[in-house]
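In what follows, a structure is listed as structure tokens, so that the remarks can point back to it.
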Amino acid sequence: MTNIRKSHPLFKIINDSLIDLPAPSNISSWWNFGSLLGICLAIQILTGLFLAMHYTSDTTTAFQSVTHICRDVNYGWILRYLHANGASMFFICLFLHVGRGLYYGSYMYKETWNVGVILLFAVMATAFMGYVLPWGQMSFWGATVITNLLSAIPYIGTDLVEWIWGGFSVDKATLTRFFAFHFLLPFIISALVLVHLLFLHETGSNNPTGIPSDSDMIPFHPYYTIKDMLGALVMILALLMLVLFSPDLLGDPDNYTPANPLNTPPHIKPEWYFLFAYAILRSIPNKLGGVLALVLSILILILMPLLHTSKQRSMMFRPLSQCMFWLLVADLLTLTWIGGQPVEHPFIIIGQLASILYFLIILVLMPITSIVENHLLKW
């Protein structure tokens, strides 16, 4: 008699995805972030669900309801801070996951990669709408500034913004619909994650060398289940350290002031994980140009398979490309720093140079470096 996990229609899917899945024998800890992202998503959905039971999406009571959660609901404070800092953890894992994909050439699995880019956009949209819900000063002004960017779209821009707002400014209708979408999107993300995994399991995982590993595979369980459990333990420990010791470290003090449409905060800035894109947006004096650069800064990831000019898939044996990759990482860290600074000299010019360098590295320097390395192989 065959094992039930191999014969039962439902268990068979789980078995083929998590137990008997053939995996390369040499994948490093950089391959842990997929499972960590799954755990982050589960934490966010669970904490979000319990928060939604006590939250009210009305402009008059939203801020008060968040205060009520923190003060009066049993363990409400830990739910709130797990959810807020869980988002930061989510983005740390996301950036490392994407960085791993860029470094080791995982983008050559085009379907998996493209679904991943869509997932990135969906998570960013969800995080943005979630930031609006506490209805603090930065929530309100962040929502106003970012939604207002759509008015740069020619002809339909203004109508589009007012349609999203549900009026002539960010108000009750906006908050209610943002709550509805913020609740809905994680479930759409969960469905997309399954599609992402479906495409991944069609090809199997890549590995650090970038060489096909069909001849050297091991079962996912117990080798990678135990490895993923260790990764999860480290991440959850880091998250709990953040939540229990410095829960407001990554937040903005302005968001502890209730939203006031008559008083603009001196420095409007998004959460830290959007600062790199915000810096690119601000570095272009033209509104439409800024919006296009903002969207393209993420959308450019879709072009990665087309920009791959190397004869090798991974950067493991390509020292010049490695230099370009780490230059890109340094550039993104610079942009993140600039995004949190006021718009004044010397930050303006640093932001503009870093923005130009960002697109230059991806579109020009990396492909050229790869071609040079191809020629060096012949020596």
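Glycine is treated like the rest: Cβ placed from N, Cα and C.
Here is what Swiss-Prot records for this protein:
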{"type": "BINDING", "residues": "H83, H182", "note": "heme b b562 binding site"}
{"type": "BINDING", "residues": "H97, H196", "note": "heme b b566 binding site"}
{"type": "BINDING", "residues": "H201", "note": "ubiquinone binding site"}
{"type": "TRANSMEM", "residues": "33-53", "note": "transmembrane segment"}
{"type": "TRANSMEM", "residues": "77-98", "note": "transmembrane segment"}
{"type": "TRANSMEM", "residues": "113-133", "note": "transmembrane segment"}
{"type": "TRANSMEM", "residues": "178-198", "note": "transmembrane segment"}
{"type": "TRANSMEM", "residues": "226-246", "note": "transmembrane segment"}
{"type": "TRANSMEM", "residues": "288-308", "note": "transmembrane segment"}
{"type": "TRANSMEM", "residues": "320-340", "note": "transmembrane segment"}
{"type": "TRANSMEM", "residues": "347-367", "note": "transmembrane segment"}
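Distance between Cα atoms for H97 (heme b b566 binding site) and the residue listed as 'ubiquinone binding site': 17 Å, as a whole number. The two recorded residues, H196 (heme b b566 binding site) and H83 (heme b b562 binding site), have Cα atoms 24 Å apart. The stretch in 33-53, 113-133, 178-198, 226-246, 288-308 that contributes the largest number of Cβ pairs under 8 Å to the transmembrane segment (347-367) is 288-308. Cα-Cα distance from H83 (heme b b562 binding site) to H201 (ubiquinone binding site): 30 Å (rounded to the nearest whole number). Summary: among the binding-site residues (H97, H201), the fewest other C-beta atoms within 10 A of the C-beta are counted at H201. Residue density at H182 (heme b b562 binding site): 21 other Cβ atoms are found within 10 A of its Cβ, drawing on all protein chains shown. The stretch from 33-53, 77-98, 226-246, 288-308, 320-340 that makes the most Cβ contacts under 8 Å with the transmembrane segment (178-198) is 33-53. Taking every recorded stretch in 77-98, 113-133, 226-246 and counting its Cβ pairs under 8 Å to the transmembrane segment (288-308), the highest total belongs to 113-133.
Same-chain residues lying 6 or more positions outside the transmembrane segment (226-246) and placing a CB less than 8 Å from one of its CB atoms are 29, 32-33, 35-36, 39-40, 43, 78, 81-82, 85-86, 88-89, 93.
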